[in-house]
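Annotated features in Swiss-Prot:
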- 1-17: signal peptide (SIGNAL)
- 40-127: domain 'PPIase FKBP-type' (DOMAIN)
- 132-135: motif 'Prevents secretion from ER' (MOTIF)
């Protein structure tokens, strides 16, 4: 029975590790969030990216300028397209992105193949909208 329980726990851990994990670090109250990011929006994001061991591989904060891109059309890794959807301006999230939603088997620059990536990302702006627009 113990062996069966351990096996089920192992399978659960594998399944959980293969999915995008989203943690809310800074939330925005509903009455202050009148618009949320959606696919097709041009958004600006400040972020810091780390490997699982804590090694920082990229940071818009260190450059002093957020990155802007169109959400949901493949301009960035899938983990970002999925994890930055339905965010309020000013919201900050921690995204733990498995390799198949990042750079997969190929890796890029300082990011090794099959790496799980951890980002802290803050939505700075949604182009063409104001904080007072309706959803």
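Cβ coordinates come from backbone N, Cα and C, glycine included.
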Can you check how the pLDDT averages out over the domain 'PPIase FKBP-type' (40-127)?
97
Where DSSP helix means H, G or I and strand means E or B, what are the helix, strand and coil counts for the domain 'PPIase FKBP-type' (40-127)?
13 helix, 37 strand, 38 coil
